[in-house]
Every structure is written in structure tokens, then in C-alpha cells.
């Protein structure tokens, strides 16, 4: 069940931090700009230890908000109107004093917002996980509300732990304080337009729904590529690595939506029940069936290696690229390789899904490419299906082409919300579908922790060095071939703009 969008105070904890300035406040502003929240029904409060007043916070936020309205003639006016709705409370995170001050600020806001009666509170914790427990305890003891028309909701940011043990410890701290209905664990990939579209694409189209199984699908790829390295943040990244950064969370969420069974309804609990079921069906990750890499200098020497980053410990084995195969032991997917790949400092920046179907029966055609469904999550959302067609003319030769749905070409003047915009709105209306449940989190860490222990142990394998700006480790193509992926056009898909002289 979801709530109607009612009166709220949204408090951003960590208001002076980078995440708040670059993501959280811009997302709330995006909802304001689109009319999803209004000054009459929603007030915004920033909370942090930094000593500043309302105007100083507004001045810090303004440049980031102006970027969103740079093409609008009245953009600055919209930004100023939003910022007039933002106030600031300064205080510590670990003592009651600041929260009591926050409570007094709430009372003043509620006088104008709801004639003095309590309103809903959404607390967005843009903070390190190490302080989640203590901050939540202070919220519960000082500013918690749970009435018919006034509820408390908490959004917490990833990472939700460093491994299975730390994740369970974090949950142990939060569980006595707030119910699952009050907690929203945010994984921003679940707010991306194409990720939210996966269930509609699968279950709303009979041609895909009926072919979505081991009888028809030969291979699935989930790919994350960044064209840049750690750029001076290697010291931070060194403690995380690419697997914790995007694979255990973002890409695993994509995998569950791709492979889960049809839920009974679109109710958030029904969707998350099916995600947990498919997670439990995944076999342990085979430590001998992975590729790990670390980027070196670019082939021309112009781009630095990971170890050239001054913040990186000497001789670090940190993994900046990984590819691994998932096997789902159930009736639908048993035997289908599902390869997850992610890396930094690669040739392009993109996130996409490739579902390659099995070849048609031999006999009529001597050789014909496999059909392939490609779902591009970013940049430039798109879905296209690679199909075989007759080449125009007298011959009966075939050519691969595509049925193409590129969002920018098909949907004009539509607002496609950014991930954080979509998820904050979901939290405001009480929709948990695109947030991570406690048991889901536990199963995902149970799947990845043995692999991480192996890769970070005393006998950890050496990552393969690959060139900055390349496609990744040289053994990647052979790895994909071994997992049933059939490349076309010299291993790189060519967009099908075909002319007679190119035959």
C-alpha cells in the first residue's frame, strides 16, 4: 500500500556534505520544479555540524541547483523560490542537544504548515554508515513521531555494511529502533528509468515473457563501464573495490529484476518476495570462474595507472575490473550463464544488459546471427532488439538490423526523473518496491562475502593489468566465448546503417 502525498518535513542529515549538495538537494529540487512537492505542503531542513545559517546553506546549494535549470529563462527564479523553503539547523550527531533544537525547529515549521499539528517526517541520512545507528537512536529518542496523520520515515544510503557480518551488525542496531515500513535502504540504481522499466518490459509483453527462460536464452550480460579511473580518490576506493562499489548492490539488483518470477501483484512486498527467492536460488560464486583486473597506464602513456594515484597504498591489489558468472539453480534458468562485468578506466561509459537468444535451427540458413535484446540503462535510455532481415535487392542474403526504442527519439517533452528524484518521491508516498529489504540485503552479502574473503585474503590472486582506455583484461573475449556469448562483426556490434557499397 502507498500513501497519498501529504504534508512533510524533509530533513537532510549531512547537509554540508558532497552527497547532499550533488544528489540529495538537487533531487528534492527536481521534485519541486516538476510540481511533485510544494511550498505549502513540504518544508526542507538541512542538518549538519558545520556552523552556518540558512543563507549560507542556500548559497552553497545554489550553484548545484542552477545546473538543472541552465536552459530555462526563469531558472534562477525557480531556484530562489525553492531555496526560500530551505532552512538550516546546526548541531552534533552524537548528543541529544542538536536533535532537541531540530525538534523546536519542527514545531515552528508546523505552525505554518499544519496549524501546529505534527506532520510526516522524512529523514534522509546522507552520512557514513558508521553513524547510522547512533543518529537513528537520537532521532527515535528526540524527534520520532508515529500518529495517524504523522509518520517517521528514514532513508539510509549504501553501503549497507562492508560484508555479511558488518551488514548484520548494522541491521541489529537499526531493527529495535524502526520497523521495515519506516526504513528505506536506498540503492539509486533501482530509481533509474530503465531499471524501473524491466518488470513492465518482461511481464507486460507476451513475446518477451514467453521466451524468458533457458529454452530460448543462451547468455545474459550485465555490464557497467566507466571511462575514468579513481581520479585522486583511490585511497577511498582501495577499501571498497569494484565488487562492493557496484556489483554486490547495483548490478545484483538488476540481475534480480531480470530473473525473478512474476509477482502476484505490483505490491512492494510481492515484488521483493520474488527478488529474495531468486537470490536464494543463485549458486555460490565459483572462485575459479572469474576475471579480476586493475588498470595500468594507457597505451600512449597519457593516462595514469591505478597505482600512480598518490592516495593508493604501494603495491595495492585493489580490483578495478571484475567479471563473474552467476548460475541460478531453478527451473527457469538452470544452465544459463549470467555474466556480470564492471570496471573503471575502460573504453566507454555505459551500463547495459544484453540478452542473447539461442540460434535458430540449422538447415534453412547456413549461418545467421543470434537475436539479441539490448537494454541500455545509461547514457541515453534505449531498448533495441537485433533481428535478422533480408538484404534489400534480388538476393536472399540476410543482414542484422534492429527494432529500436531510443527514449529521446520516441518520447518528446517527457520528464524522465533522475534516480534520486524517483526514489525520494517513492519514499514520500510509502512505496517500498524500489528499496532494499533486510532479508534481501542479507542474502546478497551471503552470496558475495566468501568471494571477497578469497580475493582479499593472504593468498589473494594478482589482478590482471589492463590498459587505461581499453575494453578490460585481454582474456575477457575468451571468457565470454566460454560462457556462450557469440560475438558479431569482429566482436563489436555495429549499428546497422547499411549501404549497398558496404556489402
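These residue numbers are counts, starting from 1, taken along the chain as shown.
Every residue gets a Cβ built from N, Cα and C, even glycine.
Binding of NADP(+) 1 is annotated in Swiss-Prot for 14, 15, 16, 17, 18, 19, 20, 21, 158; the matching candidate from 49, 58 at the same site is 49. According to Swiss-Prot, 158, 188, 189, 190, 191, 192, 226, 344, 378 bind D-glucose 6-phosphate; the candidate from 245, 402, 409 that the record adds to this site is 245. Each of the binding-site residues 18, 226 was scored by how many other Cβ atoms lie within 10 Å of its Cβ, and the smallest score goes to 18. Rounded to a whole number, the C-alpha distance linking residue 191 (D-glucose 6-phosphate binding site) with residue 384 (NADP(+) 2 binding site) is 21 angstrom. Minimal Cβ crowding within 10 Å, among the binding-site residues 384, 487, is found at 487. Non-local contacts of residue 49 (NADP(+) binding site) by the CB criterion (under 8 A, 6+ apart in sequence, same chain) comprise 16, 90, 91, 92, 93. All protein chains included, residue 158 (D-glucose 6-phosphate binding site) registers 18 other Cβ atoms within 10 Å of its own Cβ. It is 15 Å from the Cα atom of residue 158 (D-glucose 6-phosphate binding site) to that of residue 18 (NADP(+) binding site).
In this structure, the binding-site residues under consideration are 344, 354, and the one with the smallest number of other Cβ atoms within 10 Å of its Cβ is 354.
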